[in-house]
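Colleague: Input: one structure, supplied below.
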Amino acid sequence: MSDSIQERYLVGYALAAKKQHSFIQPSLIEHSRQRGIDLVKLDPTKSLLEQGKLDCIIHKLYDVYWKENLHEFREKCPGVPVIDLPEAIERLHNRVSMLEVITQLRFPVSDSERFGVPEQVVVMDSSVLSGGGALGELKFPVIAKPLDADGSAKSHKMFLIYDQEGMKILKAPIVLQEFVNHGGVIFKVYVVGDHVKCVKRRSLPDISEEKIGTSKGSLPFSQISNLTAQEDKNIEYGEDRSLEKVEMPPLSFLTDLAKAMRESMGLNLFNFDVIRDAKDANRYLIIDINYFPGYAKMPSYEPVLTEFFWDMVTKKNHV
């Protein structure tokens, strides 16, 4: 059916320049166009009510004016999906409220697969870090992460802390999370509405009891990534053959988990990082949740996103 007679839908996007460059690829534009969906760039400084007859809005902007703009649009056009609502997104900007999502899930208990989150404590006072009580019941080594998870460079600055000496580099507020050996593999689960895809990535290598006893201080994650094989620097996304033999978590388990998370958070676009406990192959831990991740890195992202857009503009299903 030609574009001239096919019913067409308008999906507006409001993204930061870097995000727009990585996400709005020509291949995605063409995939969507062939399905009858036109992707149009929105001007966040102007009223959304003056930018055409929109059938759906996707966004990843957080300033106050944009939130007010969205609020006005939602009041005047309540039937148009806004993906996603700012108040729902904000929950993921704090690493405590982020993982509380998981602990509060109502999810059927399975004998074969169990899930949870690593033990963690929050330190709000930097003076506590220099003492010996910051860890609570945790034991070294621990992972130190900034409390804020707003996507800034600062929020990605993490450390593996081996001992009390390593704590000196940290500043509050910060989250201290137990380190769980997981075979050096992380599973990144991409959620796009009802669509779920999982990929394997290299992660922090396991730490032996011997190494725990001899390692000192701290290591930033950028250095830890260099501890794995030399050839890692030449490995592109999805091309690490050393991971081929690593078994994926059951897709049915991940799909059910993603659905429960989606409904609990009220979000359609996110990914979550999962590790498998090296001591218990049926125990999975969710360690991070990100809103509107780098979907262009996901294999075959164009048809997945196009199908999601179609679901949204035809009002099939969104939270």
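Including glycine, each Cβ sits where the backbone N, Cα and C put it.
Straight out of Swiss-Prot:
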- Ser2: N-acetylserine (MOD_RES)
- Lys18, Lys60, His156, Lys188, Asn290: 1D-myo-inositol 1,3,4-trisphosphate binding site (BINDING)
- Arg95, Lys145, 177-188, Ser203: ATP binding site (BINDING)
- 99-318: domain 'ATP-grasp' (DOMAIN)
- Asp273, Asp288: Mg(2+) 1 binding site (BINDING)
- Asp288, Asn290: Mg(2+) 2 binding site (BINDING)
Colleague: Name, in the order they occur in the sequence, the residues of the same chain whose CB lies under 8 A from the CB of Gln177 (ATP binding site) and which sit 6 or more residues away.
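Modeller: Non-local contacts for Gln177 (ATP binding site): Pro118, Glu119, Gln120, Val142, Ile143, Ala144, Lys145, Ile287.
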Colleague: Given the binding-site residues Lys18, Lys188, Asp273, Asn290, find the one whose Cα is closest in space to the Cα of Asn181 (ATP binding site).
Modeller: Asp273
Colleague: Over the residue list Lys18, Lys60, His156, Lys188, Asn290, recorded for 1D-myo-inositol 1,3,4-trisphosphate, what is the maximum interresidue Cα distance in Å?
Modeller: 21
Colleague: In terms of Cα spacing, which of the binding-site residues Phe179, Gly183, Val185, Phe187, Ser203, Asp273 are within 10 angstroms of Asn290 (1D-myo-inositol 1,3,4-trisphosphate binding site)?
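Modeller: Correct set: Asp273.
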Colleague: Cα of Lys60 (1D-myo-inositol 1,3,4-trisphosphate binding site) to Cα of Asp288 (Mg(2+) 1 binding site): how many Å, rounded?
Modeller: 18
Colleague: Select the closest residue to Lys188 (1D-myo-inositol 1,3,4-trisphosphate binding site) from the following binding-site residues, measuring between CA atoms: Phe179, Ser203, Asp273.
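Modeller: Checking each of Phe179, Ser203, Asp273 against Lys188 (1D-myo-inositol 1,3,4-trisphosphate binding site), the shortest Cα distance is to Asp273.
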Colleague: Among the binding-site residues listed here (Lys18, His156, Asp273, Asp288), which has the Cα closest to the Cα of Ser203 (ATP binding site)?
Modeller: Asp273
Colleague: 10 Å Cβ neighbour count around Asn290 (1D-myo-inositol 1,3,4-trisphosphate binding site)?
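Modeller: Result for Asn290 (1D-myo-inositol 1,3,4-trisphosphate binding site): 17 neighbouring Cβ atoms inside 10 Å.
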Colleague: Round to the nearest Å and give the CA-to-CA distance linking Phe187 (ATP binding site) with His156 (1D-myo-inositol 1,3,4-trisphosphate binding site).
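Modeller: Checking the Cα atoms of Phe187 (ATP binding site) and His156 (1D-myo-inositol 1,3,4-trisphosphate binding site) gives a distance of 18 Å.
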Colleague: Measuring CA to CA, name the entry from the binding-site residues Lys18, His156, Asp273 that ends up nearest Phe179 (ATP binding site).
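Modeller: Ranked by Cα distance from Phe179 (ATP binding site), first place goes to Asp273.
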